[in-house]
Structures are given as structure tokens and as C-alpha cells.
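Annotation source TrEMBL lists FAD binding site at 257-261, 298-305, 396-398. According to TrEMBL, the feature domain 'Photolyase/cryptochrome alpha/beta' maps to 15-145. Residues or ranges marked as site 'Electron transfer via tryptophanyl radical' by TrEMBL: W329, W383, W406.
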Amino acid sequence: MTGKHGESGTSTKTHKTIHLFRKGLRLHDNPSLVWALESSRVVYPVYVLDRIFLEGALRTGALRWRFLLQSLEDLHIQLAVLGSRLYVVQGRFEAVLRHLIAKWGITQLTFDVEVEPFYARLDEDLGAMGKELGLSIHTCVAHTLYNVSRIVEVNGGHPPLTYKKFLQVLSTMGEPDRPAREITAQDFLNCPTPVDASEEFRVPSLEDFGIVVESEVLWPGGESHALKRLEKHFESQGWVANFSKPRTIPNSLLPSTTGLSPYLSLGCLSVRTFYHRLSNIYAQSKNHSLPPVSLQGQVLWREFFCTVASATPNFTCMAGNPICLQIGWYEDTEALKKWRTAQTGFPWIDAIMTQLQQEGWIHHLARHAVACFLTRGDLWISWEEGMKVFEEYLLDADYSVNAGNWMWLSASAFFHQYTRIFCPVRFGRRTDPDGQYIRRYLKVLQNFPSRYIYEPWTAPLEVQVEAGCVIGRDYPLPMVSHSEVSQKNLALMAQVRREQASTAQLTRDVTDDPVEMGMKREHVEDQGFRDGISEQPERPCKRLSPEGDCPVTPCSWSHDGLSLPKLSGEVM
């Protein structure tokens, strides 16, 4: 394969090329498509819809299916405006490609490099097929800011396992590449797409797959919607420059973050475009927020997890994962079901899980709360189970960020202040004392007085009857005593960390996570979460701390360069 760093250039236009869309469902900043157009006589934009792969390796649920199909339809429309079209072909990946290569006389394949193991295996298969059939194959890096293999190489052949070390490595590498040039109608005049209007190649509908989605579309899929959302947020340069992740609201009825993570995850929006647009705003602002809490920092969290995932065996599992604590989680299918189906008896937790199922998105702090509840806080159930649920429902589900955040939030890796546990009552009430968020997503509790809505089991029976919801009959009692199980789990986690201290140290910075530290400074007096067994106190890094008393000195990449759940944030 060639061009893994996305180098530009032209060659004699001799090829008949298939450009494979996978996650980069966009025309802006698409270097591998630019290469195809500049090196070919004809180009066929193709998306192989391998349903077995999408529902198996990627666990695509109904909401993600809708988002994907909308994104494909949007891409088809954008290509048609330029005089081309998208060929959507259903079937197993290699079989489909072999058929099209023979049918169209293809001599070249172009596509973007991905970091996930299943895509890496697919790329190896494509390379072997290309060698067998005598095809030229050209690949580019476009889903991450940097070539993550290069980051690993610069770090001595292994991934940087802490965010601080990661930033140190980036500081030696210079700025990420600028986005690829714009693709225009002239490109497709010079390199046309043979247009076949056959129904065989149309974008299928949900009905074609027997998938029913009744919920409102809050995040319509597609590049055009991504760019509109980007422009809307960038209208307020002050909001962008001063964005701070811990100050966003976990139970706001409208997203207080950018809401761009679904588009970044599927590649409808280029992370490099986002990065460099942020850079332009930062360059004009004397006082802007800094990593890790800034928008810049959130993009770099995403890059961090992509880098670690690319070079860590079994990254999405506990067993065989060298950086993950090996914990004897409980196997409790009934408790897992109650959490998944919003039947825990804790209204704030259940409201979050209801929003997740209905809309495919929840705020990153809401993700923190339900993840902590499932794992180390209350139920002591493996983070892998929660990761699978998020992968099915979240529109911004991402292999690297999703797994990384679940390890983080379960204190299995990356995060080490495990004594901080989100209270399933107080944390939500702090930002929404009237419970409007709960009333929105748990209609059964909508008539409860604000005094009781976070703890409805404490309401007198006559209040429950008047509200039309008797606890234990119309809405479940709490499935656990939070104060009791959280203390028990703290003791279990302390024991695990004593016994596996060397593993815990692998992903531990001298400084703690500034996102969590900032949150704690602002809210600990409100008891949104509680400290239990204490660890040796750690000295915060003043440069990354909002309360540092020394001058802020940005890294070389801060100003001149730039989910996120944290797309770690948006992705958790």
C-alpha cells in the first residue's frame, strides 16, 4: 500500500479506480479521494454495506443504522451535485469488491486508514487481494489528526499511556497536516464517474432492513448537517474560545457541548478541519481555555485513545489487556438488565438511560454517572458490558474512545482517583433541582414534587398517590442501597489496586485528571460525589489546573494548531 501519510501529487491518469468510503463519509478533507481523482480516468465512489460486519464487529443498533443511512444518502446527494454518485453495494466486503473489480475493470483502490483491529485485518485482506489481482492501492490518514503509528514510533515503539506523556510526544511532532484541498465539479469533469441509475446501487432504507425507529431525529446524519452544526457553533467565537468541559451541564434538556461527536465518529466531519478552525479562533483570542478542558483538549483526548488503542492488544477487553486491571466483576444478568432498561429505581440514572435509548446521545457527565453506577460505584458489573450497550445505542460510538472511557470510568485504567463516586441522587439534583430532565424522560414521575423527584421512595404514600405513581408498583424501588454498596465496592477496588499496583502505575500520570479535579473543586461542597477510602494525595499540575498560580505556558501545538467523550467526553 502507498501514501499512508496522505502525500499529495499527480500521476498519469491511467487508472480505473474504486474509492472506498468506510468511515470518512464526506467530501471535504478527503485526501484519498483527491488522489483517486488526480490519478484516474474514471472513479467509482463505493460504499460496501456489509450488514454482518456492521451488526457484528460494530454492534450497530437501530439509531446508528438511521444515522448511517442518512449519512450515505447525504453523501450521495453531495456527489450528485458534483456530477457523480455513490454506489452502495450490499454483501460481504471482499466478495462484493471482487465482483465490482471484474465488472468495471478496476486497476486501483483508494481508501482511508483506520485504527481498529477489524479494519486493520480488512486492510491486510485488501492488500493481499490487490497483490493477487495486480491492483494499485493508495491509502491516506484522515480519521485522526496524526498517523497514530508515527506517534507510537516517536515514543520508542510503544504507545504513550498517559495524557501528559502523549502531549509531550505531540510537542515534538509539529502540527497535524492541513485538510486536503476542496473537491469540485471540475474534478469529476476531468475524472468522470460512470453513472448507473440501477436500483441495485441505491441507498437502502430502514424499511428495507425491517428496522423501526420511532424517536425524533435530533442528529440527522450527513456531512451537510455536520458542517451546518459546525458553522452554528463557530458563530460564537467567545463560546468556542472559553469552552470548558467541566462547566457544561449533564442534565440540560439541550446539549451544552458541541454535539459534533456523532459526525466526527462516522467521519462526516473531518477532525483536521475542526482542529484548524479552532486554531484560527484561538489565534485571535488572548485568553482562551486550554487542554484538557478546552475543545482543543477534547480533540486531543480522542487522539490519545486512538493512539493507545492502535497498539494495545485486546483494548476492548479486560482479559489479555496489559494496561487494564483484572477485576473480579459480578456476573448479574438481572442487575445488568435493570440498568440497561432504565429500571434501577434511581430516577436520574434511569432518565439518562432512557435518553440514551431514545436519542442516541447523552452528555459526557451523564455517561460518567451511569458508568460509575454500573461498575465501581454500585453494581460492580464489568465495564465491558456497559461498553457494549453504549456501542449499540450511541450515535458517536467509537471503538477507541468508548473502550478507553469505560476503562477510565471504572478505574480499570487511566483514572486513579477511584474514591470519587458519583452519587445517583445528589449529582443530578445539583444542576437540575426541579427535576425537569427527569420529568422529560420518565413520564411516570412527571407529577412528583421537586422535593421528592430524585428520591421518590421517600415521599409519603399520599404524595405518591396524588402524583399518580406508587413506588414499588408503578416505578421500581432502588435496586441497591447506594451508601452500603459503594462502601463495599471501595474496599474491593482498594484491594485490587494494592494487589495490581504495577499495572495501575502503567497509565498513571504524576498529576490527576484536570477535568475531574476542576469538577471536584467546583462541586464537592454540594456532595455531587463522595470520597471514601483515601489515597496518597497527589500534587496537581499547575499549567493544566484552572487554579494554578503560575503563568500559563502553552505547548508549541496549542495556539498554532488545535469527544472530544473528551470525545472521550463526547464519546464519554
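Just so it is clear, glycine is given a Cβ too, placed from its N, Cα and C backbone atoms.
Nearest Cα neighbour of W301 (FAD binding site) among the listed recorded sites (W329, W383, W406): W406. Of all the recorded sites listed here (W329, W383, W406), W406 has the Cα closest to the Cα of F305 (FAD binding site). Rounded to a whole number, the distance between the Cα atoms of W329 (site 'Electron transfer via tryptophanyl radical') and A397 (FAD binding site) is 23 Å. Each of the binding-site residues V299, A397 was assessed for Cβ neighbours inside 10 Å, and the highest tally belongs to V299. Ranked by Cα separation from S261 (FAD binding site), the recorded sites W329, W383, W406 are led by W406. Of the candidate recorded positions, G259, V299, E303, W383, W406, the one lying closest to W329 (site 'Electron transfer via tryptophanyl radical') when CA atoms are compared is W383. When the recorded positions F305, W406 are scored by other C-beta atoms within 10 Å, F305 scores highest. For the pair formed by E303 (FAD binding site) and W406 (site 'Electron transfer via tryptophanyl radical'), distance between Cα atoms is given as 16 Å, rounded to the nearest Å.
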